[in-house]
Each structure stands twice: as C-alpha cells, then as structure tokens.
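Enquirer: Encoded as structure tokens, here's the structure I'll be asking about.
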Amino acid sequence: MLSVFNTLTRQKEPFKPITPGVVKMYVCGPTVYNYIHIGNARSAIAFDTIRRYFEYCGYHVDYVSNFTDVDDKLIKRAAEDHTTVPAVADRFIKAFMEDTTAVNIEPATVHPRASENIPEIIAFVQALIEKGYAYESAGDVYYRARKFKKYGQLSDQRIDDLEVGASQHTADEETDRKEDPIDFALWKAAKPGEISWESPWGAGRPGWHIECSVMSTKYLGDTFDIHGGGQDLEFPHHENEIAQSEAKTGKTFANYWLHNGFVTVGDDNEKMSKSLGNFVTVHDIIKTVDPQVLRFFMATTQYRRPIQYTQANLDEAANNLDKLRNAYRNLTFRLQDATNGTDTAVAEQLQTLITNFGTAMDDDFNVQNGVAAVYELAKLANVYAAKATVQKETLIALQKALVQLTGVFGVTFETANATLADDAIQALIDEREAARKAKDFAKADQIRDDLKVQGIMLEDTPQGVRFRKE
C-alpha cells in the first residue's frame, strides 16, 4: 500500500483517497512576476512526478495549481517595466508554460488565476467576517489567528511563539490596524495607482493566503486529498490556508500535506539568492542544458530531500539518462531481426524489477530506490539485446516497461531536434552502405556527415548499422 509522509502529523500514513480511484491534489504555483527559478522548478517537477506515479498506479488525478497574479511583486515589476499588472502576469504565465513544457511537466487539470476569482474571494472573506473570524480595519480585512484553536499545528509552533507579520504586513501603520499583531491580511485596501477591485470594504485586492483557499476549494471541494508545496510555504502560507478554510467550512481542509525540500546552488551548498549572484532560472538553464537532463536530475531525488544544484550532479544525471536512452535504442534496433516468442527467464526478471519499482515508490515516493530498479532494467535490456538471438515479445515487454517506469520520472525517448523520419534515415543508411560496397568512401562519409549535422549519429555494429538521434 502506498504511504506518504504527512507534514500535519509528522509521520508516514497509508494513503486513502476520499473517492476510490481518484486523487484530488492542489499544489501552490508561482507568483508570476519573473521567470521561474530552479526552486520553483523543483516543486513543480516533484509534484508532477508524484502525479505521474498516481497515474501509473491507475488513479485519475484532478490536479490544480494556481497562478498568483495579484501581488506586491507584480505591482513593483509593472511599475519598473512601465506596464500593467495583467501584462506582467500574462508575459510570465506564458513563460512558465513554455519552461515547464520544456522539462515535460504535464499541465494541471486547472491553472486558476487569482484575478479571475475576485468575486469568490470577496464572498469567502465576507463569510469569515460573519463567523467572527475576520474583521475590517481602515479598508483592510484581517483574520483573527488566535480564534482558530489549531493555529500553528501544521508548522508545529505555539501561537505565542510565532513571528509578527505572518501576513507579510510588518509596517507600523499596518500593525496598528490589527487587533493582534499575529493577525494576517485577507483583503488589502488599495493604494493610489495600484490595481484594485471594489468590495464591501472599499477598493482593494486580496491577500496572498486567501487566494489559495478559494481556488483550491472551488475546484476540489471543501476537503480534498493532497495539498503540496515547498517547505518554505509551510509557514505562514499553508498554516494560514488551513485557518481560513477550516474556519469557513468547519471541515478538514486537506487530508495530507506534502512539502518538497529546498535547492542549494554550487559546491558550497549556498541558498539561492539574487544578492549572492547564484539566482538561476529555468529559462536560462535550458539554453545550455538538455531540459530532459534537468528534469531527470530533479525527478530522481526524493521530494522531501534537499537538492544540490551543481554541474557535477547535472553531468551525473546526463550520464545516467544516456544509459537509459542507449538501452531503449538497443531494444529498438534488435526488433528488426527478432524471432517470435518469449524468454521466460527474462520475463521473470523483468517482473521482479517492476515489483521492486512499485515497492520503492509506494514508500513515500522513494525515487532513489525506484530509479535503481530502472537502472537494473536498463542493464537487463542491454544484456538481452546483445544476445545473438532475441525474441520479439521479450524485446517489446522490456521496451514497454522501460517507457512506463521512466515515464514516471518524465523521461521520454522521443527526439525533438532530429528532423528526418526513420524511413528517410534508413534510406540514407542503405545508400551509404551501397556507396561503401562500391568503394565510394567520399560519398559514404558525406552521407554520414550530413546525418550528423541533423543530429543523427551512425554506429557500425556486428549486427549492422544502427542510428541514434542526439
């Protein structure tokens, strides 16, 4: 049975979805004022991998991940760029979709935007006021944190020990508007020139935390299975989401809370920051790094563990990914001369590896042990493909397993940069072979070089010429 580490209880628990066969999952998305950095990518890749494993196990996954497109950072960026907040949001949502597509992250079932849910946000805030959990003060609306008796449970903190400014309101005049310094903002009164919407409390905009409470429950219901995000969101963001949502509905907000680990940069394990000059965006990385390598590097570290982003670790991931690609190519190549039938011994070994993969992943998505089973599968594939005689059904079974298991990590064996179809490549290989037999080596070399320019590498083997797409 699949078990997950629940941050709320600080222990592994058997995963039992609310609806059998269905997983309802919300993951906090980016604030869209810039290109996503590798910390954002780590969260997106980790939860995409978790989603893919659920799908591999046969679950239907309703996956919701938001865009925060109303925020102080967007307002600042719009002012710097002499444009509007919606224009900034549109630009970086487009960039987000391009970057996440490049690293093979599946789009969410729904990607809601805060700005498109203002009426629902206002209604949610009004309900909290009516229940006595929120109050208006000079156009702002604040949440009474102490009134929610479970406040601090997720982050394992006592409310008296919590930092002032959980709402990101720390200026003196803002603190003065609160009944209690620990209270946090649900609605912020508009400042001159800022984007705003009319509300019962005057013109303003939503606070950050209320956006996720509204959008998650709108699409997944008052109670859903999994809420995910980075460890940095555990407090105050997720703590505040629970307080808001459960105060309004009187129901458990999310049954399981999953948090991914941090990313450090360089051999010194430095925390990424603009001031240290080590701030790295996916947009820049994939200009020089194979997006599949970045994906594989991040997907094969267990989601709760920290990741050290270094060139050496990227190189190791590239080498391991290459081994998987080679195994797939070796199986594909041998299909052309395979005989009918099944090798029962290999079939048994394959089933053992598939079982080992599932056992590992069922243990809180232990991708390290899971990918170890995949590497063993690649070795088995290579050994079998090197035999003098191979059987078609066994090759297909090995190839299918390799595709399915690596697919959980987001690996694909398609090649986007090779423009020729396989039939056309084979025709050129045949032409090259004819030229070699005619001792026209100049022509044979020219065909090889022309193919290389298009990303197609030829390998001469005892079984004949094979090609691979770089």
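Each residue, glycine too, has its Cβ placed from N, Cα and C.
Sharing the record's features from Swiss-Prot:
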type: BINDING; residues: Cys28, Cys212, His237, Glu241; note: Zn(2+) binding site
type: MOTIF; residues: 30-40; note: motif ''HIGH' region'
type: MOTIF; residues: 271-275; note: motif ''KMSKS' region'
type: BINDING; residues: Lys274; note: ATP binding site
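Each of the listed features needs to be described in terms of its position in the shown structure.
Expert: Cys212 (Zn(2+) binding site) counts 27 other C-beta atoms within 10 Å of its own C-beta, drawing on all protein chains shown.
Sequence-distant contacts of the motif ''HIGH' region' (30-40) (same chain, at least 6 residues past either end, Cβ-Cβ under 8 Å): 67-69, 71, 73-74, 76-77, 88-89, 92-93, 95-96, 99-100, 230, 262-263, 265, 272, 279-285, 298, 309.
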Enquirer: Cβ within 8 Å of the Zn(2+) site's Cβ centroid: which residues qualify beyond Cys28, Cys212, His237, Glu241?
Expert: Trp208, His209, Glu211, Ser213, Ser216, His227, Gly229, Leu233, His238, Asn240
Enquirer: Could you say which of the binding-site residues Cys28, His237, Glu241 has its Cβ with the most other Cβ atoms inside 10 Å?
Expert: Glu241
Enquirer: Can you check what DSSP calls Cys212 (Zn(2+) binding site), collapsed to helix, strand or coil?
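Expert: In three-state terms, Cys212 (Zn(2+) binding site) counts as helix.
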